[in-house]
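Structure first, commentary second.
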Amino acid sequence: MSHRKFSAPRHGSLGFLPRKRSSRHRGKVKSFPKDDPSKPVHLTAFLGYKAGMTHIVREVDRPGSKVNKKEVVEAVTIVETPPMVVVGIVGYVETPRGLRTFKTVFAEHISDECKRRFYKNWHKSKKKAFTKYCKKWQDDAGKRQLDKDFSSMKKYCQVIRVLAHTQMRLLPLRQKKAHLMEIQVNGGTVAEKLDWARERLEQQVPVSQVFGQDEMIDVIGVTKGKGYKGVTSRWHTKKLPRKTHRGLRKVACIGAWHPARVAFSVARAGQKGYHHRTEINKKIYKIGQGYLIKDGKLIKNNASTDYDLSDKSINPLGGFVHYGEVTNDFVMLKGCVVGTKKRVLTLRKSLLVQTKRRALEKIDLKFIDTTSKFGHGRFQTVEEKKAFMGPLKKDRIAKEEGA
């Protein structure tokens with residue numbers, strides 16, 4: 001900032017340095033919520049996949065506010081959350097230098113989509129992962145060893161986490177390799193946590209057992225990648241005057257002569273996006289149920305409300321752009337979340353005790369928009385579109401060919 005007439009704050013935060021590509025694709029939970037033994041045993045996190053955005057209409061319940069009892073339109077994000085499968089239990093002991101892994105126990109049967117996570121190239125591999133380990137569950141000596149492991153975990157461990165993976169075959173994605181993560185089990189005693197986890201080995205855990213309606217959660221993920229960007233785009237520094245020699249989307253002064261180095265705090269060109277970020281306080285507007293078969297019929301009606309009784313699913317006409325159809329359970333979050341469509345997101349219970357009125361507000365949805373997100377959508381359902389458009393030429397041609 002040499003020879004400037006007025007002082008000015010620096011551009012861009014130094015709190016997110018180094019701005020480089022994230023080493024991991026899946027958002028990492030760096031701290032779980034504090035354990036409270038008085039609460040029932042529960043999981044503290046879940047994995048989901050970003051499908052896309054839409055908007056909703058709801059009535060605000062905020063007495064004293066100007067918008068109280070008025071309708072508001074708000075943007076929401078749909079995150080598809082198929083049930084996760086528990087495949088292991090990890091026990092931790094507390095040491096003066098933090099937590100240390102004490103024992104890890106895997107389930108007897110582990111699906112191929114989970115085993116793929118342990119291989120670089122599944123196609124060329126012998127696919128032998130866990131073949132020796134699973135025999136522990138079958139012979140007497142192995143069973144005795146497992147019982148011994150569980151009893152020692154009950155005796156020595158302070159923290160219990162479960163290993164759970166997503167079910168990629170239920171999603172409209174090409175990826176076959178499941179995402180695997182450790183999820184901390186909170187509530188109850190250590191013995192109760194272990195019994196809870198042992199009962200759920202190889203079982204599916206739905207998102208409705210982890211989060212509740214109107215809950216505030218945190219979303220952890222990796223942002224959209226933008227590639228190598230110049231200093232103006234990356235740090236939002238001021239453009240130089242038009243007549244500037246050798247370019248104007250630059251930083252004019254990158255430091256003093258001495259020290260004869262460029263300081264780390266000076267804005268420079270480089271990687272933008274694909275950074276690991278944690279966004280706190282995202283409100284759950286709805287936990288929706290996936291498609292289900294009832295009395296031999298496929299029920300898709302998961303976007304109706306008490307005010308909008310039309311039979312429609314959460315999917316917009318033509319599906320979510322660059323994603324497809326959401327057929328499993330989903331979580332509707334207020335506002336936007338990090339990452340591109342199809343990006344895996346880690347949903348975590350809030351670390352804070354929520355006391356604000358906005359956080360505790362009850363959400364009553366009046367309407368969920370399901371118009372096409374590709375262009376200017378006009379119709380909420382296929383039936384509505386057919387009724388408006390009338391018989392189409394392509395329908396007549398198809399009918400003639402069929403006849």
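Quick reminder: no glycine exception, Cβ is built from N, Cα and C everywhere.
Database features (Swiss-Prot):
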type: REGION; residues: 1-37; note: region 'Disordered'
type: MOD_RES; residues: SER13; note: phosphoserine
type: COMPBIAS; residues: 18-31; note: compositional bias 'Basic residues'
type: CROSSLNK; residues: LYS39; note: SUMO2 cross-link
type: MOD_RES; residues: LYS136; note: N6-acetyllysine
type: CROSSLNK; residues: LYS224; note: SUMO2 cross-link
type: CROSSLNK; residues: LYS226; note: SUMO2 cross-link
type: MOD_RES; residues: HIS245; note: tele-methylhistidine
type: MOD_RES; residues: LYS286; note: N6-acetyllysine
type: CROSSLNK; residues: LYS286; note: SUMO2 cross-link
type: MOD_RES; residues: LYS294; note: N6-acetyllysine
type: CROSSLNK; residues: LYS294; note: SUMO1 cross-link
type: MOD_RES; residues: SER304; note: phosphoserine
type: MOD_RES; residues: LYS366; note: N6-acetyllysine
type: CROSSLNK; residues: LYS366; note: SUMO2 cross-link
type: MOD_RES; residues: LYS373; note: N6-acetyllysine
type: CROSSLNK; residues: LYS386; note: SUMO2 cross-link
type: CROSSLNK; residues: LYS393; note: SUMO2 cross-link
type: CROSSLNK; residues: LYS399; note: SUMO2 cross-link
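Features as recorded by Swiss-Prot, highlighted on the structure.
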residue: SER13; record: phosphoserine; contacts (Cβ under 8 Å, 6+ apart): none
residue: LYS224; record: SUMO2 cross-link; contacts (Cβ under 8 Å, 6+ apart): GLY273, TYR274, VAL338, GLY339, THR340
residue: LYS286; record: N6-acetyllysine; contacts (Cβ under 8 Å, 6+ apart): GLN213, VAL331, MET332, ILE363, LEU365, ILE368
residue: LYS294; record: N6-acetyllysine; contacts (Cβ under 8 Å, 6+ apart): none
residue: SER304; record: phosphoserine; contacts (Cβ under 8 Å, 6+ apart): SER310, ASP311, LYS312
residue: LYS366; record: N6-acetyllysine; contacts (Cβ under 8 Å, 6+ apart): ILE56, VAL57, ARG58, GLU59, GLU71, THR305, ASP306, TYR307, ASP308
residue: LYS373; record: N6-acetyllysine; contacts (Cβ under 8 Å, 6+ apart): GLY52, MET53, THR54, PRO316, GLY318, PHE320, VAL321
residue: LYS386; record: SUMO2 cross-link; contacts (Cβ under 8 Å, 6+ apart): none
residue: LYS393; record: SUMO2 cross-link; contacts (Cβ under 8 Å, 6+ apart): none
residue: LYS399; record: SUMO2 cross-link; contacts (Cβ under 8 Å, 6+ apart): none
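In this structure the C-alpha atoms belonging to the residue listed as 'tele-methylhistidine' and LYS226 (SUMO2 cross-link) are separated by 27 Å. A Cα-Cα distance of 43 Å separates LYS39 (SUMO2 cross-link) from LYS226 (SUMO2 cross-link).
Annotation note: LYS226 (SUMO2 cross-link) sits in a strand segment as assigned by DSSP. Of the recorded residues, LYS226 (SUMO2 cross-link) and LYS136 (N6-acetyllysine) place their C-alpha atoms 48 Å from one another.
Once Cβ contacts within 10 Å are tallied over all protein chains shown, the recorded positions LYS39, LYS136, LYS226, HIS245 are led by LYS136. Reduced to three states, the DSSP call for LYS393 (SUMO2 cross-link) is helix. With DSSP states grouped into helix (H, G, I), strand (E, B) and coil, the region 'Disordered' (1-37) comes out at 0 helix, 0 strand, 37 coil.
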